[in-house]
Structure formats: structure tokens, C-alpha cells
Amino acid sequence: MGAGLFSVVGTLLLPGLAALVQDWRLLQGLGALMSGLLLLFWGFPALFPESPCWLLATGQVARARKILWRFAEASGVGPGDSSLEENSLATELTMLSARSPQPRYHSPLGLLRTRVTWRNGLILGFSSLVGGGIRASFRRSLAPQVPTFYLPYFLEAGLEAAALVFLLLTADCCGRRPVLLLGTMVTGLASLLLLAGAQYLPGWTVLFLSVLGLLASRAVSALSSLFAAEVFPTVIRGAGLGLVLGAGFLGQAAGPLDTLHGRQGFFLQQVVFASLAVLALLCVLLLPESRSRGLPQSLQDADRLRRSPLLRGRPRQDHLPLLPPSNSYWAGHTPEQH
């Protein structure tokens, strides 16, 4: 959510920077320079260290030990202190080091060997694709109602900030899946109404539906990324989150394509994305709820995420998934343990 708000700030500052520079080549050079400065974080691990959680999950105990000691020293806890937290950390790291585990790296292709995780990732990637691609339809419907060039630009930035604030207020108290379901439903409904009656509705109604659709689609894209970070296990979370984000950027390519072709094929594109939004609404029902649950560490942990009831049931009550888990998981368990 914080990264999204920084993106909004950059979007709002970009027109002022362009007016100050007044040369697109220089502006592009400044953008490339700012992006190049990010390489410093990659070259200096002390500025942006690796995740200790990922290091421990993949068996890289020595690197995790160094980073955790560095965090402890930065917090004012020296290695020679004898506090309870320090002794607990030292004991756990010593036990892990004594086992001498071999690093276990995982590729994105490992998702194909899972029973449930690949389906969750596919659904979240699909919802991110729809949320990024359907915005072109809402922008096209919004353009005749707001003829000024700068107003739609700043309106979209404000809607992105409003979507992030909406997620901050609702995603934790109501749950990830209900909020994603609500956003997908509003996106599909607004798109269908504009598709069916844009020529017959009043101008203010078209403007309201376009703004509401843009707000909901941005909330769907942001929540899909947040949801993916909690559904994918630690050992492959970076790759899984990258696939979901990549699907969202692929959907955003519908905007430039629509501009290149003018109004030719726009109606067909709007029909396709409206149909995909309805399909995404049904797929979201298959996702598990990740609120108030620990992050899965391994692929087996991610496969054990359960699909809980949408409206009823205890907050932490688990139910059987739609797809049965692998036999290897149940081999060493007795019915009394469940």
C-alpha cells in the first residue's frame, strides 16, 4: 500500500517536472538516471539486505544469521547481551546451523507440482489482468464527459489514492476475499452498464459509472498483488508475486493498443473485458482467505490453505479445499490429529 501511495505522488509530480524541464529527451534522461540509482541498492547489500525469512525457508542459515545479528545490533541489542530474546535467537540459529541444511532453491515451474497453489496464483493473475486491462474501457467512456486533458490524468491519480485508502480501511477488517469479490463485482457491473446503455444514459450517469469502474479496477489490481504476497509461500513468493504483477502490466497494454487503433475494435475489446470481469467474479470464490493467518513457508504449507465460508463461520475455521491435498501430506497423520 505504501508503494502504491509513492506511485501516486510520482504521478502527481510528473506534470510539474515536465513543465519545468520542457524537453522530453531531458525528462527521459532524468527518469533513466533515477532508475539507475536503484542499482545502488543491489550493489550494496547493507542498504537493502536479503529477507531473513526467505533465507531460512531455503536453508541459507549462515546468511540469515549475519543479517539477523545486524538487525539486532541496529536495534541496540549487542551479541554479548544476555536478554531472553537474544538467547532465544542465538539458540534457534545455533540449532539450525548444527543441522547444516543444504540450500533448496525453487523455480516458478515448481508451482505446477502443487495441487492448490497454482490455481490460486492463476486466479489472482487473471484478476490482475482484468483490473489492468478494463481501465481502457472506462477511460474511453470518461473522455467525452471530461474534455480537459489534465483533468482525467489527475482524476485517475486521485482514484488510485482513494482505492489504496479504501483497501487500508476494509481489507484487514472485512477480509481479502470479500473485498476482492466486491471490487470485481463493481468493476464488472459498471462495465456491463456502460456497454449496454452508454448511448441512452445521461452524461452524469456515464461519468459516475466510469469513475466508479476506475476506482474498483484499481482496487482489484492492488488487492490482487497484496493477496498474492500472502498466498504464495515464502520459498517462491518473489517469483509468484512477479507473475501476478506482470499479468497486471500485460492488461494495461490494452490502453496503448486502443489508442493506436483509434475507435476500431473498441467495442469488441470492451465486450471481452466485461466478460472476463464476470468470469473473474466467479473465480474469486475459489480463493482461500489469508487474513489473520500465518504466511506459508513451503509449497506444502501453501497447499494446505483452506477455502473458508464467505459470510458465515468462525474467523479462523478451516474447511476442506476444493481440490484434495496430496496423499503424501496425509500419509503420516492420523484422523485424531485432524
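Each residue, glycine too, has its Cβ placed from N, Cα and C.
Looking just at the domain 'Major facilitator superfamily (MFS) profile' (1-292), the mean pLDDT is 84. Taken from TrEMBL, the feature domain 'Major facilitator superfamily (MFS) profile' applies to 1-292.
Residues or ranges marked as transmembrane segment in TrEMBL: 28-48 (among others).
Below 8 angstroms of C-beta separation, residues 1, 4-5, 7-8, 11-12, 15, 139, 142-143, 179, 211, 214-216, 218-219, 222-223, 226, 291 of the same chain, each at least six residues beyond the ends of the transmembrane segment (150-171), sit close to that stretch. As annotated by TrEMBL, transmembrane segment applies to 150-171 (among others).
The transmembrane segment annotation in TrEMBL covers 178-201 (among others).
Positions annotated as transmembrane segment by TrEMBL: 207-228 (among others).
Under the heading transmembrane segment, TrEMBL lists 235-254 (among others).
Summarising the annotation, TrEMBL assigns transmembrane segment to 266-287 (among others).
For 306-338, the entry in TrEMBL reads region 'Disordered'.
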Ranked first among 28-48, 207-228, 235-254, 266-287 for CB pairs under 8 angstroms with the transmembrane segment (178-201): 207-228
Surrounding residues of the transmembrane segment (207-228) on its own chain - C-beta under 8 Å, 6+ positions past either end: 1, 4, 121, 124-125, 127-128, 130-132, 134-135, 137-139, 141-142, 145-146, 155-156, 159-160, 162-164, 166-167, 171, 176-177, 179-180, 183-184, 186-187, 190-191, 193-194, 201, 240-241, 244-245, 248, 287, 290
Folded-back contacts onto the transmembrane segment (235-254), same chain, C-beta under 8 angstroms, at least six residues removed: 54, 57-58, 104, 106-108, 110-111, 121, 124-126, 128-136, 221, 224-225, 228-229, 269, 273, 295, 297-299
